[in-house]
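Asker: Would you mind keeping the following structure in view while I ask a few things?
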């Protein structure tokens, strides 16, 4: 049962990844693309957690943890760049 | 620990340790650095003392440690008679020069810098003469080139000093490279770089087919260092150095290093016809040319410079004779020349000091102003001329004797005594000029001050040296015979021949030659005005400096042209060369061998997940290339690539790499954004079709090549070295995380080097960006004004909340790094990102007010921790960076393992945090500075 759920979720997350990629491709504006990158990060967290459950390995959680902790930093820096140009002032 | 087990390396290395102390002491008191230099030199001498008796017992002391055993390299020192003689010359004359320099340097000159350079130079010289290993000898040899460069250019504000120093460095450094090649060839022939083995294989080397090449390479080193024709021209230009430097470098040390190698390798290389022609020829030309030119120099130091060249030529010529007795005479003259030349340079310095000029057309009649110094100078100059009862006479007598008998069998041998006497005539003439022009010959002309005797202690070194000249000249058997005998024995590697140090040998040919030299020398000096005129009118002026500058400039232009063929200053161009040669080399490899391209290993299954990831990677990569004109968008897409690569690392079970890649991604984006702020937002369009096609073909073929190569490797079974690490990680390094154990233990030395590079890069970037001002764009890419809210509150609150969490993760990753994925490097990156997030969200001023840690200090502490762990192992007599581990039991925490490698890892952690934060914040400050600049302009 769990396996079916995981596989289904994986497929759905993969679809989300591809859709984010489409947004990255198309844009049209820069904020769209930044959002696409951020969503890709979030989707990756989901994917890693799913794989961690599936393969029963702790190491996947750690990669997910690091993405959760630090992934937003890129988004933050990019957004600040759009707002102020100068990201560290 | 027994000090006597390693006192020889200490003798050579203590001056290096003393150099920073001398520089540091000058901060408190000018004279303190002179004291430090003196004490350090004395200490070196003291440490040498307990083993001084060994050469006199006909023994050789060797102290050796394994250095790079795989290459047969030892860190080895040797004390025999020759080393002992030179060590004494270096240390004793060094002490006198230090005393002299303390009075010579004016209050404007930095004493700390002078004595620090001086000590480093002394250490390098001692290293040369005490080396047992030839490679090590060459290393110290190059160190003397470098440190003498610093000494000669001591008065950095003077163009002459800088030019002279550069010329000396170029010539002697190039010679050193040639010598390195020669030494490598000797090592190849003999099978060892140790002098003990090399000196025993003279026949082997002389009979080798490459003997001539070896000889020429070694002699290139010797001739450049010892200023032999045609490389002699750097020495007069080195006279721009302060006089104590000249007194030291050109009497007992620098130029004698070349002579030392001649004496050292004498039993190995001498005795052949090639040696006779090359060494003897260069020596003879140098001797005559130097003596002749010296007479025409009006500058006191110029005269002494050419006289030095001439005497070096004399010593080289003696070695060129290849006989045992000639070697005795050569080594004897090394001692004598060191004593009288050092004192003469010091006198020249005193005169310069007291008169303000060294021009012998102005400096006249000093006898009544400084009678004591005048007497000293006259004795030393007479020794230089070879007047009886002085030391120069004895060795010159031996020299004449050898010039008569050494080359009996040669058809041209009758010419040698004549040429030699001709040189000696001029030697007498310039010595006479030194005495008569300076101390007699009327009154001083146009001096700005009235000369008088120098301070008492400035004269004492000259007193001592002149006393030595007299002592050796009158009772040579008492003073010089013992050390001369052991030095000759060491140089010849055998029993020294019978020679007589008597002052009177009866009426014979050498005495006649001496008399001719003295009489005709006086005549030449008497008619000097005519000779000067004739010289000026009839001989072409060769300005070595212009010639040298023209040659070096030509070489620079030529090499510039060659590099311009490939490098047009554009990154695209450079990359295309690299790719092209890569593709060409691979293609050649494919065509050369006929094994199948792919192996027969079964490939892994591709599932949906992998396909999606790979798809994203491919699309994103292509997109980066397509969108690269919009730099910000390209940056976002690169972020995607980084993410997918990290996921790839997770999939292929490389969690350490994945964690590192994720942290590096964040730092990279921040770094690039900081820089992008000041850069154009768009790259120019490539319009030319031809160029686009060319680039497309090149990049696709490069990509396909890499893919084929990767496939060729991955479809084959192969065994890598990872098996060793997997097996030994736990028993050898005490950790189950192989990656981390490799980093801090197996390859700890590499890691140490890497963090040093990282620290240097951080400091270098800091130095480059400090005080830099760049114009910041006032509007964004679409021409809108920037937002007026620098720190949105949501961003601030969120990052402040996350800060302790991130640090906790960093600590966690660090602590368990030895056994599970993690370690100092990843933890350092995470902590750096945590800090950077605060700088981003709250601004530099806010964060700096709360984190009052200087990142320079963090880097320094980190490097120190890493080095201390390494040296701690050495103190426990293990090799550098050996680690140890044990298990501790704490309540609650339970049993856990603690390894000395953790301190090392802590060092890595601190350096990574320090360097990363330092670099990024420094870039951030750049925009901060320009921001306020822009605002000021607005107002």
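In case you wondered, yes, glycine gets a Cβ from its N, Cα and C as well.
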Asker: If you look at how TrEMBL annotates this chain, which of B:692-714, B:715-737 comes out as transmembrane segment?
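Answerer: From TrEMBL, the annotated transmembrane segment range turns out to be B:692-714.
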Asker: Taking helix as H, G and I and strand as E and B in DSSP, count the residues of the domain 'MrpA C-terminal/MbhD' (B:616-681) in helix, strand and coil.
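Answerer: Each residue of the domain 'MrpA C-terminal/MbhD' (B:616-681) counted once, the result is 54 helix, 1 strand, 11 coil.
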Asker: Short question: which residues 6 or more past the ends of the transmembrane segment (B:6-26) have a Cβ under 8 Å from it?
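Answerer: Long-range Cβ neighbours of the transmembrane segment (B:6-26): 32-33, 35-37, 39-41, 43-44, 47-48, 50-51, 61, 63, 75, 77-79, 87, 110-113, 115-117, 119-120, 122-123, 126-127, 130, 140.
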Asker: For the transmembrane segment (B:414-432) against the transmembrane segment (B:275-296), do we get 3 or more Cβ-Cβ pairs below 8 Å once near-sequence pairs (under 6 apart) are dropped?
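Answerer: Output yes: the transmembrane segment (B:414-432) sits against the transmembrane segment (B:275-296).
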Asker: Who are the long-range neighbours of the transmembrane segment (B:33-56) in its own chain, taking Cβ under 8 Å and residues 6 or more past its ends?
Answerer: 3-4, 7-8, 10-11, 14-15, 17-18, 21-23, 25-26, 79-81, 83-84, 87, 91-92, 94-95, 98-99, 101-102, 111-112, 114-116, 118-119, 122, 126, 482, 486, 490
Asker: May I ask for the residues of the chain that lie six or more residues beyond the transmembrane segment (B:275-296) and have a Cβ under 8 Å from a Cβ within it?
Answerer: 215-216, 219, 223, 227-229, 232, 262, 269, 302-322, 407, 416, 419-420, 422-424, 426-427, 429-430, 433, 524-525, 528, 531-532, 535
Asker: Under an 8 Å Cβ to Cβ limit, what residues of the same chain, 6 or more beyond the ends of the transmembrane segment (B:574-591), are close to it?
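Answerer: Residues packing against the transmembrane segment (B:574-591) from afar: 566-567, 597, 695, 698-699, 701-702, 705, 708-709.
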Asker: For the domain 'MrpA C-terminal/MbhD' (B:616-681), provide the mean pLDDT of the predicted model.
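Answerer: Mean pLDDT for the domain 'MrpA C-terminal/MbhD' (B:616-681): 88.
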